[in-house]
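Here's the structure we're looking at; comments come further down.
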């Protein structure tokens with residue numbers, strides 16, 4: 001049996017410590033960024049062992065695993081994971097395919113935030129004004145005008161499937177250039193946020209907030225002189241960390257803990273999965289602690 005992480009044989013002799021086995025199926029890029037040698041050594045000291053899953057072999061014949069961590073694309077793989085989850089309920093799958101599917105659409109993803117009632121709980125949480133364009137690029141300027149959205153606009157692919165294309169973001173600064181965009185997409189009003197955003201990691205009851213450099217503020221004068229559609233990088237990546245930067249305290253101040261705890265509780269309930277949430281603050285409403293979900 002196992003006592004305090006140790007295995008004991010029937011005669012009371014101590015055996016090798018039992019480890020928590022995590023089977024992983026990741027892209028090569030994710031494996032390189034996630035399974036760093038230092039991280040694996042630390043995990044090993046904590047009794048956690050990472051084992052690569054061979055996607056060319058039946059999943060049910062591998063293991064045994066305590067946890068399966070995966071981030072591969074495609075319906076075939078999702079079906080394999082779901083079948084395994086049904087036949088091995090004792091294994092924790094991060095994340096179940098049904099939970100991932102809920103976040104594959106930016107419109108439905110943000111709807112969970114829209115539905116939150118946190119307007120008077122140590123601050124406000126909301127979503128910038130936005131609309132979805134499904135087809136016909138030439139109609140985009142008219143549709144945007146009818147919806148009352150104001151320039152500049154951030155254009156994001158509607159589908160979030162982990163591919164490079166799903167992370168192609170653009171800033172649209174004039175009406176005529178809107179027809180150059182490729183639907184289906186989400187158009188969202190750009191909110192000046194002094195070039196800093198917060199990325200909030202929520203796993204169970206644990207909450208971790210990091211700062212990331214973001215796009216600089218856009219004023220009317222600058223916008224008038226720079227027409228067109230401009231791509232911009234993934235501002236939330238680890239390479240854009242601003243945690244050690246010398247920032248204005250007003251900009252660097254983290255969201256209040258009670259708001260984060262309430263937000264964590266609500267998202268866990270709605271999404272039924274660990275969450276990574278990206279927020280910008282609106283300096284025009286900073287006295288009200290207004291967080292805007294991306």
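Cβ from N, Cα, C; glycine included.
Heads up, TrEMBL stuff is auto-annotated, nobody curated it.
What TrEMBL lists as domain 'Inositol-tetrakisphosphate 1-kinase N-terminal' is 21-100. Per TrEMBL, the feature 1D-myo-inositol 1,3,4-trisphosphate binding site maps to 30, 71, 167, 199. As annotated by TrEMBL, ATP binding site applies to 106, 156, 188-199, 214. Here TrEMBL flags 122-271 as domain 'Inositol 1,3,4-trisphosphate 5/6-kinase ATP-grasp'.
Checked against residue 188 (ATP binding site), the binding-site residues 30, 71, 167, 199 differ in C-alpha distance, with 167 being the nearest. Taking the C-alpha positions, the distance from residue 196 (ATP binding site) to residue 71 (1D-myo-inositol 1,3,4-trisphosphate binding site) comes to 28 Å.
Cβ-based crowding with a 10 Å cutoff singles out 106 as the top-ranked of the binding-site residues 30, 106, 167. When Cα-Cα distances from residue 214 (ATP binding site) are compared across the binding-site residues 30, 71, 167, 199, the shortest belongs to 199. Here residue 167 (1D-myo-inositol 1,3,4-trisphosphate binding site) is positioned 11 angstrom away from residue 106 (ATP binding site), judged by their C-alpha atoms.
Residues listed for 1D-myo-inositol 1,3,4-trisphosphate, 30, 71, 167, 199, cover a largest CA to CA span of 20 Å.
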